[in-house]
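Right, one structure below, let's go through it.
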Amino acid sequence: MTAYALTDSWTMTRRELARWARQPVQLVVNLVFPVMLLLMFGYLIGGGRGVNGEYRDYLIPGMLALTMAFGLEGTMIAVTRDLDKGVIDRFRSMPMADGAVLVGRSAADMLQSAMALVVLIGVGAALGWRVHGGPVAFLGAVGLLLLFRFAMLWIGIYLALVAGKPEMVQAVQILVWPIGFLSNALALPDTMPGWLGTVVEWNPMSHTATAVRDLFGTPGAESGHVGAALVWPLALLAVFFPLAVRRFGRLSR
């Protein structure tokens, strides 16, 4: 990416950050909602069966992965709103690099996702959760989580461009939910019916959650999933990033 494109992308990122200052409620909701889910699942379903060690130690890494899959509606709504209101057309009339709007939006979303991880890890620590791996493994786990988020983000951007209207986002967002709940984020596949366990084991998010548990040093965590946790998001990016860019290019003509 050229310096010209980077400058335009940073301008679009600052535009999104300024929106946070004007409308902080959405940012707060996106940071608080994962904490509410953690407390709900941790205390209401805290005795999950089939999990080695304490359920809290199993749950929190899974919730970190789940958080990276959810919360895409903010980005999807922002993209569709700009399309619906003709903002994209106004930007197109300016000497601006192609795709800078999407890159700026994705950069702001990644910053918000990093903040959500910090909040959730802090709450987990307050609840007694501890990381048993070293600092390098910890950073590796955070990197895998953000990589998974980045892949999910571009899936969301593509779906938003296909939807085209803000009112369609909620319907499209429902398509993302199975990725989160049909995973091992909350329970072991061994405790599920055979066919469902197979689906869960093939879910890309399950590989991320399992790899993160391993890197965090969770007692009883399964090893050998770091490679899959890298390959799956990269494969999704290889598919949906060009699809989103191509779709955006067609809409901008």
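Placed from the backbone N, Cα and C atoms, the Cβ positions cover glycine too.
Residues annotated as domain 'ABC transmembrane type-2' in Swiss-Prot, with sequence analysis given as evidence: 25-251.
Residues annotated as transmembrane segment in Swiss-Prot: 27-47 (among others).
Sequence-distant contacts of the transmembrane segment (59-79) (same chain, six or more residues past either end, CB-CB distance under 8 Å): 16, 19, 26, 30, 33-34, 37-38, 41-42, 48, 102, 105-106, 109, 112-113, 116-117, 120-121, 124, 127, 129, 141, 145-146, 148-149, 152-153, 155-157, 159-161, 163, 166, 169-170, 172-173, 176-177, 179-180, 183-186, 205, 208-209, 212-213, 216, 218. The transmembrane segment feature in Swiss-Prot is assigned to 59-79 (among others).
Here Swiss-Prot flags 109-129 (among others) as transmembrane segment, drawing on sequence analysis.
What Swiss-Prot lists as transmembrane segment is 142-162 (among others), and the listing cites sequence analysis. Nonlocal intrachain contacts for the transmembrane segment (142-162), taken as residues 6+ away from its ends with a CB within less than 8 angstroms of a stretch CB, comprise 64-65, 68-69, 72-73, 75-77, 79-80, 83, 102, 105-106, 109-110, 113-114, 117, 169, 172, 175-176, 179, 204-205, 208, 211-212, 215, 226, 229-230, 232-234, 236-237, 240-241, 243-244, 247-248, 251.
The transmembrane segment feature in Swiss-Prot is assigned to 168-188 (among others); the stated evidence is sequence analysis.
According to Swiss-Prot, the feature transmembrane segment maps to 225-245 (among others).
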